[in-house]
Amino acid sequence: MSNFEQFHFDFYQSNYTIDDQEEGYNSYGSNENLYGSRKSQRGEPPPASAFAPSEMLLSSQSYTGQILQPTYSPDTLSHLSYAEGFDEEPPLLEELGINFEHIWQKTLTVLNPMKPADGSIMNETDLTGPMVFCLALGATLLLAGKVHFGYVYGMSAIGCLAMHALLNLMSVPGVSHGCVASVLGYCLLPMVILSSSAVVFSLQGIPGTLLALFIIGWCSLSASKIFTSALAMEGQQLLIAYPCALLYGLFALLTVF
């Protein structure tokens with residue numbers, strides 16, 4: 001038993017005493033006091049991070065406004081001026097290039113081949129009316145029992161490319177693809193009238209053939225008149241009307257047969 005007590009005492013025996021712990025604590029406090037006294041002698045305040053967290057430091061910025069009356073910075077003023085500028089913006093249809101007044105004027109110009117065309121309006125690349133007229137032509141052909149949407153769009157694309165190449169060879173200023181597609185599409189409106197007639201009665205006869213020839217002349221005359229006024233090609237209307245008549249003749253064949 002005495003051997004076990006001697007072993008237990010030897011196992012927990014250490015050189016570290018309470019006096020050494022108190023001495024270390026006093027030395028740590030003296031170092032802190034020495035560091036603080038040096039800071040006070042230099043006249044430097046203690047760091048703020050030692051007493052407050054970073055969130056409090058960020059929120060301690062000066063606020064110059066009053067309660068319920070926030071201050072306006074240059075950024076907020078710029079946002080307010082931008083918001084007020086919404087009233088001065090153009091309408092959405094005008095930004096998209098859809099002008100119903102110009103569409104109506106172009107439609108009236110096509111319906112009246114003897115009316116002089118406004119070159120400034122006809123030189124626009126407006127494809128709203130042509131898309132509507134192409135869909136109307138395909139829909140009326142569908143009512144007549146003919147599913148020819150692919151033929152309508154295919155011949156329209158090939159005809160626009162061929163007319164674009166021809167007009168660039170004949171005119172000095174040249175013309176864009178959009179202008180050619182716009183004019184040819186608007187002049188497709190009389191062909192929609194012919195396809196609507198095919199819904200009511202058959203065009204495979206002498207009256208239908210005469211009506212088809214009249215519609216072809218109407219479309220080609222309107223298209224050639226618009227091209228000559230927009231491209232300043234006076235005296236060349238018949239030269240332009242011939243390829244236009246060939247193009248609209250294909251649409252007439254789709255409608256009659």
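The backbone N, Cα and C atoms fix where each Cβ goes, and this holds for glycine too.
Some features that TrEMBL has for this protein:
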type     : residues : note
REGION   : 23-50    : region 'Disordered'
TRANSMEM : 127-144  : transmembrane segment
TRANSMEM : 151-171  : transmembrane segment
TRANSMEM : 183-203  : transmembrane segment
TRANSMEM : 210-233  : transmembrane segment
TRANSMEM : 239-256  : transmembrane segment
Against which stretches of its own chain does the transmembrane segment (151-171) lie, if we need a Cβ under 8 Å and a gap of at least six residues from its ends?
134, 137-138, 141, 177, 180-181, 184-185, 188, 227, 231-233, 236, 239-240, 243-244, 247, 250-251, 254
Can you work out which residues elsewhere in the same chain, 6+ from the ends of the transmembrane segment (127-144), have a Cβ less than 8 Å from its Cβ atoms?
97-98, 103, 106-107, 152-153, 156, 178, 181-182, 184-186, 188-189, 191-192, 195-196, 198-199, 251, 254-255
